[in-house]
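The compositional bias 'Basic and acidic residues' annotation in TrEMBL covers 282-306. Residues or ranges marked as compositional bias 'Acidic residues' in TrEMBL: 322-334. Taken from TrEMBL, the feature domain 'PI-PLC Y-box' applies to 376-462. Annotation comment: TrEMBL describes 463-593 as domain 'C2'. Residues or ranges marked as region 'Disordered' in TrEMBL: 282-342.
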Amino acid sequence: MSKQTYKVCFCFRRRFHVTASEAPSAVKSLFQDYSENGIMDVDHLHRFLTEVQKEPNATKEEAQAIIDNLHLHIFHRRALNLEGFFKYLFGDFNPPLSPSLGIKPGQVHHDMNAPLSHYYIFTGHNSYLTGNQLNSDCSDVPIIQALQRGVRVIELDIWPNSKKDNVDVLHGGAFSGFASKMVYLFTINLDVTRTLTTPVELIKCLRSIKEHAFVASEYPVVITLEDHLTTDLQAKVAEMVTRTFGEILFSPGSECLKEFPSPESLKKRIIISTKPPKEYLEAQKVKEKENDVQKGKGSSDEEAWGKEVPNLKGFTSAQEKDDLDEESNDEDNVDDKSPPNVAPEYKHLIAIHAGKPKGGLAECLKVDPDKVRRLSLSEQQLEKASETYAQDIVRFTQRNILRVYPKGIRVDSSNYNPLIGWSHGAQMVAFNMQGYGRSLWLMHGMFRANGGCGYVKKPDFLLKAGSNKEVFDPRVNLPVKKTLKVTVYMGEGWYYDFHHTHFDAYSPPDFYTRVGIAGVPADTIMKKTKTLEDNWIPAWNEEFEFPLTVPELALLRIEVHEYDMSEKDDFGGQTCLPVAELRSGIRAVPLHSRKGEKYKSVKLLMRFDFV
């Protein structure tokens, strides 16, 4: 790894010296301060852990375990030299999110005994789609992948199959004019309320959910159903669900719950959430609606790597106006009253009732002391509602569940800024898990918290009312609560995980790091380091400060890119970390691919301090 040759033209070669990874000057200085005669023993390391790494509960036994686990090949294995100290700091034993040495990475540490409405829940949208919303395949594979990542809410659209004797999972949507024209042009025998996606049998999806539901987390999985079924097929669904899940199905049996149970009490249980059943609506009766694809193109959450997470202001155009009182795409567009000819077995399955009462948004957001429910709003509906009803939404989400979903014109399966939902207390911010991009990175970052179990306890200020019954108002600018100082020391690992011409055919890469905050508008910002030319192991040694007014909702965004003068900059890795769970001190930060998959070797050495 000492030299590397790049071919330039046909007869000329450039040779570059490739340096080995070396501890930054700040690390060398700390080693000097916390060692004696070039050796850091257990007492020295313990003092470093408590004073620099801000781990007051660290024990000498834990310090010794760090030394033992490094498997150092030095003359004194009961202590560290500079090389060993650097190896510890930049190694897997020093992650950025484990809250303390007493809590291991992946360990649940939030209070899990509060009602479900007190948690953000890792939520999927159209969980069965392999790609875009128009013509990608429906499959159980994306469902399995979502569950393996820790997603706890799976959405299924259920329709009669072509013979009307069984149930398929299929993306349905009233793309009225567009779909019917496509059907006519291509002579496809397709219901005009459906897209061109190929179906998958419901029973296959249910079996896959049962098999993989608790692989990544033992906390409950919610299945949200959007049904378009006749009464007889609803009865068939009830039989399928009951037979497939058996005793792990949570069926309270009452019309509506008075309060949601806790995640702890629902461990390894399956929960069904949908509206009270209604008669199947024939396709010709489906209304024109706001997400007709003729009204606009789907807006990606990233047109280029340089674009920030979009501000939802401006997303709603005059062509995309929707009626808050009557929203025909959402499964909640019904009154809670069930028609007389419903399948009682199906109705009995519903544990979390969904519904959008008549009478406008103010009526929808009323809190009933005798029952809890779920309400769904599209991303632009929430944006519009937040202008007038921000505190009503927060008050509603203290007892009830709010689900936010992507607007219908996102046919490319892109996503939106989840912070507007989270800052209003929305528990189920539903995302297209196949819609890779910056918005999904934020979702991954949020649910790295609490051991990655898929449930994150909401901040107290979103759960409690003041003495005058006032609640948190996301629109109000608050004073700075704390400042996060971030130092980007260096990075390594690209040399091992990428081909040497991946970034530049003629020279080593020119890396820079972007680091910033996603949070409430007052906290949101992005900064960048200088670009270091021709270096596989860049050492930036730059410090940034981020004043935070609502640190409880802040996510630290980190991206590495390779500068390209003539083309779009190349992607070199990313991660998103919940600020509330950041460990102070010097930490090794693993980076991930665009799809959120962790690289084998690529990571940054960074320092985090709160002042």
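Positions of Cβ are set from backbone N, Cα and C atoms, glycine also.
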Reported mean pLDDT - the domain 'C2' (463-593): 94
Number of helical, extended and coil residues in the domain 'C2' (463-593), per DSSP: 10 helix, 59 strand, 62 coil
The domain 'PI-PLC Y-box' (376-462), counted residue by residue under DSSP: helix, strand, coil: 39 helix, 15 strand, 33 coil
